Number of protein chains: 2
Amino acid sequence: MRVLGVDPGLTRCGVGVVEGVPGRPCTLVAYYVVYTDPGDDLPLRLLHLDRSLTDLVAEHRPDAVAVERVFSQHNVRTVMGTAQASGIAVLAGARAGLPVQTYTPSEVKAAITGSGQADKAQMTTMVTRLLRLPEPPKPADAADALALAICHVWRGGTRSKLAAAADRARRGGAR
Amino acid sequence: MRVLGVDPGLTRCGVGVVEGVPGRPCTLVAYYVVYTDPGDDLPLRLLHLDRSLTDLVAEHRPDAVAVERVFSQHNVRTVMGTAQASGIAVLAGARAGLPVQTYTPSEVKAAITGSGQADKAQMTTMVTRLLRLPEPPKPADAADALALAICHVWRGGTRSKLAAAADRARRGGAR
């Protein structure tokens, strides 16, 4: 299956496309970073992000889209823009009629390195190794997006039943 | 001018359309609340919200869209959904080629009641009076969206230069 992963951000949004099947090494298809200018107005920035992601989905025709889930514990200064960017990313996949799955950073880290606490350098090293790249993805923002895509392939296109059940329980409790 | 105001929310998103000119009472065109089911998956919810807002913009052909600005100080449990919904709302206006302006809750309250600290009941009372409605908008979620639209008409389609300058300074300082 081909998966397009998105590491959402308003100023820098990482996009990574990989192909593979669960339990085997994935193949790199492409990666990108979509930039928007912090000096521009918000509508223009969101529009540029929406068009870029929609174009990349149309170009690569993935079977699914995987987006990093944003938490409010993140950097408060940038979290609102990140949340808006993640909404645009999820929408870009949904509008193309594709299944869209969100993953927490720990889920991705655990899938790629075996530890939910892995740091950025470790993640980049593993993504480079797993995709058998001659050198780390540049810019580095793309590595997280590639990790998301690999994570989704390895999960066989679904989050673990345990994670999904925990999520349902959490949502149920919060309602 | 005709303005479509959006009070963003993932579960309940208020939409209000008014017509008017600065300094004179506005006329109600229509108001709505777009609901999405908290039990549905996020992609489906964002897709429903996007389609509903896009349809309402196409139906009412406003001259501008006004969206409430979301702050991370809001309710942490719902703020991520609210931020995503606000991104979708801003995008819906931008994709239609319309100017989109965001306002803080205090700016809207000050424009409508003269006080940035006005409570919800006071806002609903003033919106009802300003639009000469026989009774308060129901559901109440629509009142805030109508207030946003009125605020934008009265501002003459632009935020005050003071607010815009303060914003630029804040953004500049945070970069």
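Placed from the backbone N, Cα and C atoms, the Cβ positions cover glycine too.
According to TrEMBL, the active site annotation covers A:ASP7, A:GLU68, A:ASP141. If you look up TrEMBL, you'll see A:ASP7, A:ASP141 marked as Mg(2+) 1 binding site. The Mg(2+) 2 binding site annotation in TrEMBL covers A:GLU68.
Cβ-based crowding with a 10 Å cutoff singles out A:ASP7 as the top-ranked of the active-site residues A:ASP7, A:GLU68, A:ASP141.
For A:GLU68 (active site) paired with A:ASP141 (active site), the C-alpha to C-alpha distance reads 13 Å.
Across the structure, A:ASP7 (active site) and A:ASP141 (active site) are spaced 8 Å apart at their Cα atoms.
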